[in-house]
Amino acid sequence: MLPSLALLLLAAWTVRALEVPTDGNAGLLAEPQIAMFCGKLNMHMNVQNGKWESDPSGTKTCIGTKEGILQYCQEVYPELQITNVVEANQPVTIQNWCKRGRKQCKTHTHIVIPYRCLVGEFVSDALLVPDKCKFLHQERMDVCETHLHWHTVAKETCSEKSTNLHDYGMLLPCGIDKFRGVEFVCCPLAEESDSVDSADAEEDDSDVWWGGADTDYADGGEDKVVEVAEEEEVADVEEEEADDDEDVEDGDEVEEEAEEPYEEATERTTSTATTTTTTTESVEEVVREVCSEQAETGPCRAMISRWYFDVTEGKCVPFFYGGCGGNRNNFDTEEYCMAVCGSVSTQSLLKTTSEPLPQDPDKLPTTAASTPDAVDKYLETPGDENEHAHFQKAKERLEAKHRERMSQVMREWEEAERQAKNLPKADKKAVIQHFQEKVESLEQEAANERQQLVETHMARVEAMLNDRRRLALENYITALQAVPPRPHHVFNMLKKYVRAEQKDRQHTLKHFEHVRMVDPKKAAQIRSQVMTHLRVIYERMNQSLSLLYNVPAVAEEIQDEVDELLQKEQNYSDDVLANMISEPRISYGNDALMPSLTETKTTVELLPVNGEFSLDDLQPWHPFGVDSVPANTENEVEPVDARPAADRGLTTRPGSGLTNIKTEEISEVKMDAEFGHDSGFEVRHQKLVFFAEDVGSNKGAIIGLMVGGVVIATVIVITLVMLKKKQYTSIHHGVVEVDAAVTPEERHLSKMQQNGYENPTYKFFEQMQN
């Protein structure tokens, strides 16, 4: 009976694995999925035949972000409407992985956790509920968490009910691979123990079977240890040789025979993640070396439950494996781990670990999180032309460091839960609360480091933009001062300067957009500062472009080109203004450090030199024509002094309305509130950081608020006075004074009279008496 039930459950799970949502996958044999293994080409499921296929372009390998995974799903399934991705619940075994540049390979098998590409509108999974099992679900609309978080929630809930997690699925998507709830099925411990080995049910509380050795290692004999070690060694040799064959041959790989001499395999094996030995070394030395290695998660991001032998404790403990890399101290089950490493004494292992193992420096683990100063290295290194690449690497190192620390905490959490099985519920909750606080602390620390990274990157980008703008302005003024000036060369230099200014504006808008996505309140606070900074950019461009019309001959010749440039960029200016005025849009969370906006076109927008600043001033203002500029009969531009500010003076050319413009003055200009149209202007240092405040534009708002406050206070006072007068108005009730010595009948009658009752007989006699 039990074997039949197990077969039925297996068949049902298989049908569900091939099951396709009815909304967009009708008629497909398999669900769209992708799988990644770092160092090999990505794999995707062929929805027509249900087989895994390599990346069609032959170039794409493992992807580090959820946004990238979603984009890759949309690339490999262009005919489907992929709207989201979610990590699969179970790992799968996939064959024929290829290196980059090859599209068809054989014999390469890896176990990975794929990502499901969700089609159309999200539909929750239909979970099978076996007999004696319970279907539960949890939703929290105030949180938006990953697949791993909800898996942990489901597992903890089942554990509190003394049951095992049988199956689960996500509910209520709120972002890319993020959800607001989980549905799950909890089954009694006895039901789960029928389908797995009894030792696993007692020692391993994991609800997922990750594959592995099915042989019974209960005896733990020396012969079986030798057999296991040799089998693993041969498998590693075969994989390494197959990798070498890919680099030499163009055809399909052929599986290597196990009889190949160890000497040849050892010469080609250079990775420290695997331990090879020659025929002269004993198997005991191999086992000691394998079991003495520290647990390695590897560079990949999967969270696969595995076991490794801990030298200090002398037993096998659980940890999370990333899915690639690592070393051979990595076992599917605790029983398998103890069968290999349990027969080796702790003293010999400690002796082995005290001696440094030979390592190839070229094959050290690729996870940079092991270095505590991974981010500090970026912060201490000055910025250069490769700032963006350095920032991306530092961001990746930071995320790798965070993942490694989270993996360590999850391993400790898993071990603590296993040890707290028989403790009271209060102690279990204390353990859970402790690790939840630890996880929150790590998340907060990572968020602070991300913020520091972004701020440093912003400051360096601002410095680079200022340098480029200053250099472009110097070249533009030099071209104007040339004798004779070349109009087209002047226009090219002007165009480069305008582009530099637009880079500044684009960077400002990117920063504002990022703040608006992650913190709308802060965006509302800095909005006026951003507008002020944009005004400074426009005024600076206005002053710079006015220099062109000091040379009428040059300005007249390139007037059409300048007009065309302005007309081309006018539409983009309208979009910028609309974005600044519009309400902040809702984003799916904080996955992106810096939103990647498309490269924008350059824009030339001029503002009036004087007058109050308003949103209308941001509209494109066509440059004044050549006829409106006083003629410069000498066809010269005012000489520009590049000396420091202390060594140069301000001289105004009569009738021009412009000062003797310098590079630093235009690049760092901040218009004073008192200057007139025909007078010189004061030059101040104005950085890209938003510290300026538009005081003038707030006067009207302050006056309006004061008047409104007076009106509201008046209304409140009048209302209070009226209410108080109403309280003192007299309330008349018909109360009849009753003697305390009267009879109960008379007292009852008096109460009736108080309530409005009038006896017709009494009324008749009263009228008679009157």
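Positions of Cβ are set from backbone N, Cα and C atoms, glycine also.
Between C133 and the candidates C73, C174, C187, Swiss-Prot annotates a single disulfide bond, the one to C187. According to Swiss-Prot, the residue from Y115, Y168 that belongs to the Cu(2+) 1 site alongside H147, H151 is Y168. Among the ranges 451-468, 523-540, 577-594, the one that Swiss-Prot lists as region 'Collagen-binding' is 523-540. Residues T371, T743 are shown; Swiss-Prot lists phosphothreonine for one of them, T743. Of the listed cysteines (C117, C158, C174), only C174 is recorded by Swiss-Prot as the disulfide partner of C144.
Mean pLDDT, taken over the region 'Interaction with DAB2' (756-770), works out to 72 on the 0 to 100 scale. Same-chain residues at least 6 positions away in sequence with a Cβ under 8 Å from that of K763 (ubiquitin cross-link) are not found in this chain. Following the DSSP three-state reduction, the secondary structure of N542 (N-linked glycosylation site) is helix. Cβ neighbours within 10 Å of N542 (N-linked glycosylation site), excluding its own Cβ and spanning all shown chains: 20. Note: the region 'Interaction with DAB2' (756-770) comprises 10 helix, 0 strand, 5 coil (DSSP; helix = H, G, I, strand = E, B).
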